[in-house]
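I have placed the structure first, in the form of structure tokens, so that the comments after it can refer back to it.
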Amino acid sequence: MAVVPIRIVGDPVLHTPTSPVPVGADGSLPADLPELIATMYETMDAAHGVGLAANQIGYGLRLFVYDCADDRGKAAHRRGVVINPVLETSEIPENMPDPDNDDEGCLSVPGESFPTGRATWARVTGLDAEGNPVELEGSGLFARMLQHETGHLDGYLYLDCLIGRHARSAKRAVKSHGWGVPGLSWLPGEGPDPFGH
């Protein structure tokens, strides 16, 4: 296990749909998958993220880890992994997102956040770390996280979901940081935290 660099917007691995994690006829998962999952958790924790998709650290495989609050109560918090997730959502609003309630950030767009329209409810089905079926659903931040991480695995970032002035602001931010090109990354725990944690 180790904290590894997180790829920044513009890296081709972030803009390419991931491949399903192979599952054996007996339901077995690849022998090296636990090590990848542990690395993903450690990297997400070091970055203070609520989720991390495998392609954000350079692996084109369909899985993500999460550590996210949900709306089931003040202390409700969920942590886990979803392998080969399939997403289902309520309708995504067509109106302009609310800057006060719909702000979203991403570890692959360090230090930036923009209002992003998302469905208020989401469910993901897939497999857990042992290859057992798992189903997660939620609303609020948890639903946003499920949509965000599954989007990564489908080859797009939340920036691709932005509309209007928010999309224009994001393009300016990417350009001003010199992002949008292959090969850029940042290492959580090294230098200033781009999110101010």
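Keep in mind that glycine also has a Cβ here, set from the backbone N, Cα and C atoms.
Under the three-state DSSP scheme, CYS106 (Fe cation binding site) falls in the coil class. Sequence-distant neighbours of CYS106 (Fe cation binding site) (same chain, 6+ residues apart, CB-CB distance under 8 A): VAL9, GLU112, HIS148, LEU157, TYR158, LEU159. Residues or ranges marked as Fe cation binding site in Swiss-Prot (evidence: sequence analysis): CYS106, HIS148, HIS152.
Its Cβ taken as reference, GLU149 (active site) is surrounded by 27 other Cβ atoms within 10 Å in the chains shown. Under the heading active site, Swiss-Prot lists GLU149.
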**Report entry** Same-chain residues at least 6 apart in sequence whose Cβ lies under 8 Å from HIS152 (Fe cation binding site)
**Finding:** LEU14, ALA53, ASN55, GLN56, PHE64, SER108
Query - Shell of the Fe cation site beyond CYS106, HIS148, HIS152, same chain only (C-beta within 8 angstroms of their C-beta centre) - result: GLY51, ALA53, GLN56, LEU107, SER108, GLU149, GLY151, LEU157, TYR158
